[in-house]
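Presented below is the structure to which this report refers.
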Amino acid sequence: ATQTPIYYIAGAPFFLSVKNRDEMEQKKKRGFWRWLIASVMLRLILIYLPKTFNLASRPEVSTPLVSLRRLAEGYWLKQSSISPYAGSMYHGSPLLLSLLGPLTVKRIEGQPSHLLCSLVFVIADIISALLIRATGHTLQMAYRQSLNSLDIVDLLKSSDLLSSGDIAALVYLWNPFTIAACVGLSTSPVENLVVILALHGACKGLVPLAAFGWVMSTHLSLYPAILIIPVILLLGYGPDTPPRKLFLQKGYGKNGDNHSSDNCGQQETNQSKSEVTFSWRPVVHFLFWSSLWSAYVLVLCSISVKPHGSLWEMFQRTYGFILTMEDMSPNIGVLWYFFAEVFDFFRSFFMIVFHLNILFMILPLAIRLKHRPCFLAFIYIAISSMLKSYPSVGDSALYLGLLGLFLDELADMKFSFFLLCGYIGVSLLSPVMHNLWIWRGTGNANFYYATGMAYACLQIILVVESVSAVLNHDRKLRKLSVTKLRDGNS
């Protein structure tokens with residue numbers, strides 16, 4: 001007679017549960033990779049289509065800062081021994097010019113002229129999605145450990161489909177804004193990649209990687225400089241957790257519950273204190289690596305622009321162009337029309353006011369959401385995407401992808417269906433209004449600007465409702481924690 005292993009008899013339920021769980025995990029992984037490959041195939045098909053919806057000329061996709069056509073023009077000027085910043089065509093990084101410029105000239109016989117650059121953007125999207133996925137897994141693991149330490153398991157939800165990291169990665173890959181930015185010959189995928197790289201490095205505690213991502217994102221686009229606050233909070237406190245006073249409350253409650261267990265209570269209090277202690281060591285390392293990477297980038301930029309100009313010209317044509325908003329061409333934002341109509345006498349004043357709007361929100365949000373630095377980074381990105389000088393749909397693709405990382409916290413967010421319908425409506429109406437204004441002549445600038453205003457209102461509602469949902473989630477955790485303490489004391 002054949003011998004049957006004992007776990008098939010005594011531990012069959014446990015064995016089957018473990019086996020089913022492993023099979024489910026494998027099924028989830030296979031499902032994720034199928035969707036990722038399908039998104040890549042969709043991008044390649046759209047790239048090969050001749051003039052896919054003419055996305056490269058759409059003002060929602062290509063702005064003076066992210067347009068590949070302007071980058072190709074700057075590279076042509078550089079090859080002609082002229083400064084790439086001559087005239088008013090190129091306003092991007094000289095390093096990006098050196099990286100993507102040669103690809104705009106090289107051609108593969110029988111293939112689209114923009115194929116090489118498009119492949120770079122596809123690769124950037126894939127890497128960004130994988131980094132978002134890894135970041136989501138890190139956040140979810142840290143959050144589950146925090147809830148377990150607080151004995152709050154009521155809010156631990158296990159999805160039968162995919163984890164929050166997988167969902168966030170797929171939302172980023174299948175977002176129409178992300179696809180439009182990739183196929184529409186915009187450099188936004190590269191800028192999004194370095195921002196995600198900074199957040200991923202900070203969540204994982206990889207200080208050099210976080211510093212590199214933050215320096216490069218600030219170099220390519222000025223606005224990610226404000227992400228230094230959530231990056232420092234991530235390095236000092238760690239990934240997102242419930243409010244830290246809950247750990248102190250739990251520790252002190254257990255310490256004062258029973259005088260006969262002083263050692264156990266003291267250990268719990270020390271553990272809770274360690275949860276709220278800010279670690280300065282990785283922050284100092286981050287500042288050191290940021291200074292090192294900044295110096296390295298400046299040296300490379302100086303070498304790149306030295307034959308035709310200077311670093312000062314580069315700063316004027318990049319950061320100065322962003323801050324002064326010299327180009328009044330239409331975009332999806334709300335500033336171009338305002339500054340096209342405002343009197344020149346008040347232009348400098350309103351320019352300062354609009355740029356300071358972003359800075360005014362940094363400190364209050366950081367104080368209130370310091371225990372959730374990754375969510376704070378999402379809010380900062382959404383606000384800067386709304387108020388920046390030259391926004392594009394690539395900016396919205398980034399924060400909408402990061403939104404999927406907080407599915408549990410935003411489960412009770414209001415107006416979700418309204419926001420979804422609003423984004424779809426604006427995406428469809430914007431090209432129509434632009435066509436009525438520019439090509440048919442049956443409308444005016446107010447038609448197109450109205451869609452930009454509606455788009456800004458949707459982003460405001462998204463920011464306000466997401467912050468409210470997270471704060472309500474924290475209040476729910478506080479109530480559950482107080483209930484657990486009362487039950488334990490009783």
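From the backbone N, Cα and C atoms, a Cβ is placed for every residue, glycine too.
According to TrEMBL, the feature transmembrane segment maps to 31-49 (among others). Counting same-chain residues at least six beyond the ends of the transmembrane segment (31-49), those with a Cβ under 8 angstroms from any Cβ of the stretch are 112, 114-115, 118, 122, 125-126, 129, 133, 161-162, 166, 169-170, 173-174, 179, 182-183.
Per TrEMBL, transmembrane segment is recorded for 113-132 (among others).
What TrEMBL records for 167-187 (among others) is transmembrane segment.
The transmembrane segment annotation in TrEMBL covers 193-215 (among others).
According to TrEMBL, the transmembrane segment annotation covers 222-239 (among others).
Residues or ranges marked as transmembrane segment in TrEMBL: 286-306 (among others).
Residues annotated as transmembrane segment in TrEMBL: 345-367 (among others).
TrEMBL lists 374-390 (among others) with the feature transmembrane segment.
As annotated by TrEMBL, transmembrane segment applies to 418-439 (among others).
Counting only same-chain residues 6+ beyond the ends of the transmembrane segment (445-471), those with a CB under 8 A from a CB of the stretch are 330-334, 337, 365, 368-369, 372, 375, 378-379, 382-383, 385-386, 396, 403, 406, 409-415, 418-419, 422-423, 425-426, 429-430, 433-434, 436-437. Here TrEMBL flags 445-471 (among others) as transmembrane segment.
Scored by C-beta pairs under 8 angstroms, the transmembrane segment (374-390) has its highest count with 222-239, from the stretches 193-215, 222-239, 286-306. Taking Cβ pairs closer than 8 Å, the transmembrane segment (222-239) reaches residues 138-139, 142-143, 194-195, 198-199, 202-203, 205, 207, 210, 214, 278-280, 282-283, 286, 318-319, 322-323, 358-359, 362, 366, 370-371, 373-374, 376-377, 380-381, 384, 388 in its own chain, all 6 or more past its ends. Long-range Cβ contacts of the transmembrane segment (113-132) within its own chain (Cβ-Cβ under 8 Å, at least 6 residues beyond either end) map to 36, 39-40, 43-44, 47, 68, 100, 103-104, 106-107, 165, 168-170, 172-173, 178, 181-183, 185-187, 189-190, 192-193, 196-197, 200, 401-402, 404-405. Counting residues 6+ beyond its ends, the transmembrane segment (345-367) has Cβ neighbours under 8 Å at 223, 226, 229-230, 233, 323-325, 335, 338-339, 376, 379-380, 383-384, 387, 467 in the same chain. Away from its own ends, the transmembrane segment (418-439) comes close to residues 58-60, 176-177, 330, 332, 445, 447-448, 450-452, 454-455, 458, 461-462, 465 of its chain (Cβ-Cβ under 8 Å, at least six residues beyond either end).
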